[in-house]
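Peer 1: Would you mind keeping the following structure in view while I ask a few things?
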Amino acid sequence: MASDAASLVLGIETTCDETAAAVIERRADGSGQILSNIVHSQIEDHAPFGGVVPEIAARAHVDLLDGIIARAMREADVGFAQLSGVAAAAGPGLIGGVIVGLTTAKAIALVHETPLIAVNHLEAHALTPRLTHALEFPYCLFLASGGHTQIVAVLGVGDYVRLGTTVDDAMGEAFDKVAKMLGLPYPGGPQVERAAETGDADRFAFPRPMLGRAEPNFSLSGLKTAVRNEASRLMPLERQDIADLCAGFQAAVLDATADRLKVGLALFRDRFGPPHALVAAGGVAANQAIRRALHDVAVAAGTVLMMPPPKLCTDNGAMIAWAGAERLALGLTDPLDTAPRARWLLDANIATPAKFANTRAGF
């Protein structure tokens, strides 16, 4: 049953390599406030391997989650009996971590007789701008992270239409792989951005994948290969070579992203009318060069850019709690036997989804 009452929701995020919990207050007028937002990054655990190791991530969630939740509740000055609901990311993600978070949420919900909200991790990213801005539906979302690159029409809570996606590598994945091939530390995205600041973006003629295509899909594997080929030709790499390669790669990503979003926004307008905003979420949206490029795209399309602060673009518990609160306000709760999901389409409610080039779109 839908409710306009204020709510307090605990959110739990364990889909990848952040162990996170937060408490959100959703007021009766639909606005929100973050009462606590605790995030423990496992970067140091995974850095020696150059990427996330699923088993290490899951074991870390087991070790850390109870303490993270206790800290979030203490910082919010809220007891479990005061909660209106417990939300957990139930997918998509690394299944071991998803199981840890969802099982913990189920235990809390069962013991305290509190509603459970099983949140789609991608929906949490999609709804976060409504926590930080007075944003009405519909709006156009650009979601770019280590596992996902999508353009999505956000029509309402639980109502999404994917307009475009990657046909190969996710954007964050491409940044990390380029960083690794150039010998930069993990996580690679911030390292590439930092190196690009002192590089010459015009030194290499890197391709702009999918430029001018009618469908707003992305492809980054060819660009990644072009960077590898140039790096191999220049071996051993000097510091300036690395900076120039990063600058050229990032510039190509920016050009391709601007073009793909231009097409995506036009498609949005044709199908749903003008969007209230272009919003961006996911870890890649913390990249300052990308944020500037998105602003220019929004202005050219006659709309505005709304973005959460960088700390809410990367994975966190506040976004899970907020998505849970938004769903709870509509009376959308889940049974305690809800299954964790490694793959979970954001637009799974769409009877005839758009055609995509391969199964990577199934995330």
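Even glycines carry a Cβ here, placed using N, Cα and C.
Look at Swiss-Prot and you will find HIS121, HIS125, ASP315 tagged as Fe cation binding site, backed by sequence analysis. Among the features that Swiss-Prot reports, substrate binding site is placed at LEU143, ALA144, SER145, GLY146, GLY147, ASP176, GLY189, ASN287.
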Peer 1: Are there any residues in the same chain, six or more apart in sequence, whose C-beta is under 8 angstroms from the C-beta of GLY189 (substrate binding site), and if so which?
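Peer 2: Set apart from GLY189 (substrate binding site) by at least 6 residues yet with Cβ under 8 Å, we have GLY146, GLY172, PHE175, ASP176, ALA179, GLY283, VAL284, ASN287.
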Peer 1: Determine, to the nearest whole angstrom, how far the Cα atom of ASP315 (Fe cation binding site) is from the Cα atom of GLY147 (substrate binding site).
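Peer 2: Answer for this pair: 12 Å between alpha carbons.
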Peer 1: Just to confirm: which same-chain residues, 6+ apart in sequence, have a Cβ under 8 Å from the Cβ of HIS125 (Fe cation binding site)?
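Peer 2: In sequence order, LEU141, LEU143, SER145, ALA281, GLY282, MET319 meet the Cβ cut-off.
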Peer 1: In angstrom units, rounded to an integer, how far apart are the Cα atoms of GLY147 (substrate binding site) and HIS121 (Fe cation binding site)?
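Peer 2: Given the Cα positions, GLY147 (substrate binding site) is 11 Å from HIS121 (Fe cation binding site).
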Peer 1: Enumerate same-chain residues with a sequence separation of six or more from ALA144 (substrate binding site) and a Cβ-Cβ distance below 8 A; give 'none' if the list is empty.
Peer 2: ALA170, MET171, GLY172, THR257, ALA280, ALA281, GLY282, GLY283, VAL284, ALA285, ILE290
Peer 1: With every protein chain in view, how many other Cβ atoms are within 10 Å of the Cβ of ASP176 (substrate binding site)?
Peer 2: 24
Peer 1: Looking at the binding-site residues GLY146, GLY147, which one has the fewest other Cβ atoms within 10 Å of its own Cβ?
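Peer 2: Minimum Cβ neighbour count within 10 Å, taken over the binding-site residues GLY146, GLY147, occurs at GLY147.
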Peer 1: Between the binding-site residues HIS121, SER145, where is the Cβ count within 10 Å the lowest?
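Peer 2: Each of the binding-site residues HIS121, SER145 was scored; lowest Cβ tally within 10 Å is SER145.
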Peer 1: Around ASP315 (Fe cation binding site), how many other C-beta atoms are within 10 angstroms of its C-beta?
Peer 2: 26
